[in-house]
Amino acid sequence: MRSQDLSAALLELQQQHRFRQRHIVETPQSCAMIIEGKRYIAFASNDYLGLANHPQLIEAAREAMLRWGVGGGASHLVAGHFAIHQEAEEALAAFCGREAALLFSSGYAANQAVITSLVGRGDAVFADKLNHASLNDACLLSRATFRRFRHNDLQQLEQLLASTPARTRLIAVDAVYSMDGDEAPLKKLQDLADKYDAWLYIDDAHGFGVLGDGRGSAVEQGLHGERLIYMATLGKAAGVAGAFVAASSQLIAWLVNTARSYIFTTAQPPALAAAVLASLRLMADEPWRRHRLQQSVSRLREGLSEVNFPLMASRTPIQPIIIGRNEQALLLAAQLKERGFWVPAIRPPTVPEGTARLRLTLSAAHTQDQLEALLDCMVQAMQP
Ligand SMILES: *Cc1c(COP(=O)(O)O)cnc(C)c1O
């Protein structure tokens, strides 16, 4: 892109209803937010358990800041690996039933770390078509042969695995698909990984904290083994920031030694590791959050199906409504916004062309009244 072409390119984005803008949020993350001066009931965040603004997380971070300061100051391998990071890693590994865990500053960095340090030129990576963009970027960066199979199509995946000449193979999937809310068939994927001697890498950004008593999709489905690598982010249900990879001790040692997005970046602020520990305690001690979330998912689906909104096959807090055309999705989101509901319209390239949607997300913090109000409003918005 040359500088003299920018204005025409931006105009084109606008004409395609693809131009994106940020909106200034004036309150903490919650279900009732003030955005650009107006109060909304929000169905838009990935703070599924309502922990992002929880007093215990705030207190843990505050105390840790007094103890450890603010900045990490250096990378983990130089002088930035604090005792509190270590403690959080051990707690995360134990929580997920794995030998070891490694903290990252973001899920984006964690995906890059795992994939680029395990596969390279001459190897092969097999990825679901609907995988998160950060996984796709990591696959491209790895320079391995990058084969994408149709969403959840295990037959196609098996054909690809059976015919690959690559010695090192890696299957990468989202456990819960971020824009659809449906799930990968993890058990069957593990069988294929075992049969074809491939790594199975699971990105559980949206399952951790929510599924398997909070311990995530892999625990829920009883997956284990040396070939299984589990990743989850800590900025969603955990309510903090960053991510972790949980796997065998050997695999973690390999990442520490070879993953460029781990080695060449500053350690996450230590106070965040303390907040992660507080979050893990709440996930374990307060199962009511997940129960309430599940009730809201059921109620929302029931209410929307009564008025014939097309629902996706999702039992997770991600409940998208496919609209189709970009401007249609934007219009519906604008109508909801007008009535005080913050619901994002998701458009290409985040989702495939022609599948623009409203992406409703639920939180344990939503009240029954908030949910009923949204349902009433959705019904009204559909009236001609
Ligand atoms: C959000 C997300 C990521 C990125 O995690 P960040 O910590 O936000 O960088 C990776 N994978 C999936 C599936 C996600 O939804």
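Cβ coordinates come from backbone N, Cα and C, glycine included.
Feature annotations, reproduced from TrEMBL:
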| type | residues | note |
| --- | --- | --- |
| BINDING | ARG20, HIS132, THR350 | substrate binding site |
| BINDING | GLY107, TYR108, SER178, HIS206, THR233 | pyridoxal 5'-phosphate binding site |
| DOMAIN | 40-376 | domain 'Aminotransferase class I/classII large' |
| MOD_RES | LYS236 | N6-(pyridoxal phosphate)lysine |
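What TrEMBL annotates, mapped onto the structure for a quick look.
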{"residue": "ARG20", "record": "substrate binding site", "DSSP (3 states)": "coil"}
{"residue": "GLY107", "record": "pyridoxal 5'-phosphate binding site", "DSSP (3 states)": "helix"}
{"residue": "HIS132", "record": "substrate binding site", "DSSP (3 states)": "coil"}
{"residue": "SER178", "record": "pyridoxal 5'-phosphate binding site", "DSSP (3 states)": "coil"}
{"residue": "HIS206", "record": "pyridoxal 5'-phosphate binding site", "DSSP (3 states)": "coil"}
{"residue": "THR233", "record": "pyridoxal 5'-phosphate binding site", "DSSP (3 states)": "strand"}
{"residue": "THR350", "record": "substrate binding site", "DSSP (3 states)": "coil"}
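It is THR233 that, of the binding-site residues SER178, THR233, THR350, has its Cβ surrounded by the most other Cβ atoms within 10 Å. In sequence order, ASN46, TYR48, ASP174, ALA175, VAL176, TYR177, SER178, GLY181, LYS236, ALA237, THR316, PRO317, ILE318 are the residues near HIS206 (pyridoxal 5'-phosphate binding site), counting only same-chain partners six or more apart with C-beta under 8 A. Among ARG20, HIS132, THR350, the residues given in the record as binding substrate, the maximal Cα to Cα distance rounds to 19 Å. It is ARG20, among the recorded positions ARG20, HIS132, LYS236, whose Cβ has the fewest other Cβ atoms within 10 Å in the structure shown. Residues from the binding-site residues list (TYR108, HIS132, SER178, THR350) with a C-beta closer than 6 Å to any atom of ligand 1: TYR108, HIS132, SER178.
Calculated from their C-alpha atoms, the gap between TYR108 (pyridoxal 5'-phosphate binding site) and HIS132 (substrate binding site) amounts to 9 Å. Among the residues the record lists as binding pyridoxal 5'-phosphate, namely GLY107, TYR108, SER178, HIS206, THR233, the two farthest apart have Cα atoms separated by 14 Å.
Averaged over the domain 'Aminotransferase class I/classII large' (40-376), the predicted model reaches a pLDDT of 97. Within the same chain, residues at least 6 positions away in sequence whose Cβ sits under 8 Å from that of GLY107 (pyridoxal 5'-phosphate binding site) are HIS132, SER134, ASP203, ALA205, MET231, ALA232, THR233, GLY235, GLY242, ALA243. Within 10 Å of the C-beta of TYR108 (pyridoxal 5'-phosphate binding site) we count 18 further C-beta atoms, all protein chains included.
Of the chain residues outside the pyridoxal 5'-phosphate site list GLY107, TYR108, SER178, HIS206, THR233, ASN46, HIS132, SER134, ASP203, ALA205, ALA232, GLY235, LYS236, ALA243 have their Cβ within 8 Å of the site's Cβ mean position.
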